[in-house]
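Peer 1: Below, the features straight out of Swiss-Prot:
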- 33-53: transmembrane segment (TRANSMEM)
- 77-98: transmembrane segment (TRANSMEM)
- His83, His182: heme b b562 binding site (BINDING)
- His97, His196: heme b b566 binding site (BINDING)
- 113-133: transmembrane segment (TRANSMEM)
- 178-198: transmembrane segment (TRANSMEM)
- His201: ubiquinone binding site (BINDING)
- 226-246: transmembrane segment (TRANSMEM)
- 288-308: transmembrane segment (TRANSMEM)
- 320-340: transmembrane segment (TRANSMEM)
- 347-367: transmembrane segment (TRANSMEM)
Amino acid sequence: MTNLRKTHPLMKILNKSFIDLPAPSNITSWWNFGSLLGICLIIQILTGLFLAMHYTSDTMTAFSSVTHICRDVNYGWLIRYLHANGASMFFICLFLHVGRGLYYGSYLFLETWNIGVLLLFAVMATAFMGYVLPWGQMSFWGATVITNLLSAIPYIGSDLVEWIWGGFSVDKATLTRFFAFHFILPFIIAALAGVHLLFLHETGSNNPTGIPSDADKIPFHPYYTIKDILGVILLVLILTSLVLFSPDLLGDPDNYTPANPLNTPPHIKPEWYFLLAYAILRSIPNKLGGVLALVLSILILALMPLLHTAKQRSMMFRPFSQCLFWILVADLITLTWIGGQPVEHPYIIIGQLASILYFLLILVLMPITSLLENNMLKW
């Protein structure tokens, strides 16, 4: 009798993706983050679903409905904080996943990489709209400031902003549509993640050496299922520790004040995972220039395959490129710190220098260094 998992139309797809999938024998824990992102997405969809059962997307009741969830709903506080901190875990895994891709040259799988960039944009859009829903001070003013950036687009900008707002300011119409989009986008993300996997399995996984590993493959199950379970246990442990011991560690105290259009908070800043892009936006005095830099800071990832000048795929055997990669990581941490600081000396100049260094590293220094390494190896 043939094995059901190899013959059943549905089981066959799962079998080829998660059980009998040939995987390189030498992939490290850096390859765990794909599965962790899948777990994060499942956690977010489930907790979000239960929150949506009690949330009301009306400006008059949104804030009190979140309060009601935390105080009156059974384990509502747990669901709410799992959802809020789950987003932070999602972005930590995302940044590490993208960083792994940059370090080991995974961006040379063009379709997989481009869908990954699209996924990053979709997750950022979802997180931004989710932050608006509790209708606290930072929700309202964050929504006002970020949506207002679109007014920098020549000719159609101001019309576009009013069209997104559904009026002349961030109000009931804005909140309702943000809730609708925040609800539907995770399912679109799940579908895109499926396509991301589909393209990945067309080529097979990359590995730390960057050398094709067709001659040395092992089955995904049990080797990498066990390895992934360890990652999941650590992820859940960190997330539950954060939720149970310090749920507001990554949030903003201003968001516990109901939204007030007549009172601007002293420092408007987004959640920590947007601070690096926010710092790049703020470092350019011109509005349109800032918006372009903001978009390019993420869109630059799509250019990575074009900027790859090295003869070797991975950075594993390229010490100079490794140095620049870790300088880039330090630069991104600096930008994250600057994004949370007030706009005053010396933070302005540090932010501007860090922003210049970010683009300089990716567009100029790293490709030149790769060419230099090729030359040193007589390639």
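Yeah, the Cβs are placed from backbone N, Cα and C, and that goes for glycine too.
For the listed features, I'd like the structural context: burial, neighbours, distances.
Peer 2: Taking Cβ pairs closer than 8 Å, the transmembrane segment (33-53) reaches residues 69, 79-80, 82-83, 86-87, 89-90, 93-94, 96-97, 100, 182-183, 186-187, 189-190, 193, 228, 231-232, 235, 239 in its own chain, all 6 or more past its ends.
For His182 (heme b b562 binding site), the same-chain residues lying six or more positions away in sequence with a CB closer than 8 A to its CB are Gly48, Thr126, Met129, Gly130, Leu133.
Taking the Cβ of His196 (heme b b566 binding site) as centre and 10 Å as the limit, one finds 21 other Cβ atoms among all the protein chains shown.
DSSP gives His201 (ubiquinone binding site) a helix state.
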Peer 1: How big is the Cα-to-Cα gap, in Å, between His201 (ubiquinone binding site) and His97 (heme b b566 binding site)?
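Peer 2: About 17 Å separate the Cα atoms of these two residues.
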Peer 1: Checking distant contacts: for the transmembrane segment (347-367), what same-chain residues at least six beyond its ends satisfy Cβ-Cβ under 8 A?
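Peer 2: Those are 279-280, 282-284, 293, 296-297, 300, 303-304, 307-309, 321, 324-325, 327-328, 331-332, 334-335, 338-339, 341, in sequence order.
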Peer 1: Starting from the Cβ of His201 (ubiquinone binding site), draw a 10 Å sphere and report how many other Cβ atoms land inside it.
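Peer 2: Other Cβ atoms within 10 Å of His201 (ubiquinone binding site): 14.
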Peer 1: If one measures from the C-alpha of His97 (heme b b566 binding site) to the C-alpha of His83 (heme b b562 binding site), what distance in angstrom results, rounded to a whole number?
Peer 2: 21
Peer 1: Name the residues of the same chain, 6+ apart in sequence, whose Cβ is under 8 Å from the Cβ of His83 (heme b b562 binding site)?
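Peer 2: In sequence order, the residues whose Cβ lies under 8 Å from that of His83 (heme b b562 binding site) (at least 6 apart) are Gln44, Thr47, Gly48, Leu51.
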Peer 1: Return the stretch with the most CB pairs under 8 A relative to the transmembrane segment (178-198), choosing among 77-98, 113-133, 226-246, 288-308.
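Peer 2: Ranked by Cβ pairs under 8 Å, first place goes to 113-133.
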Peer 1: Determine the Cβ neighbour count for His97 (heme b b566 binding site): the number of other Cβ atoms within 10 Å of its Cβ.
Peer 2: 20
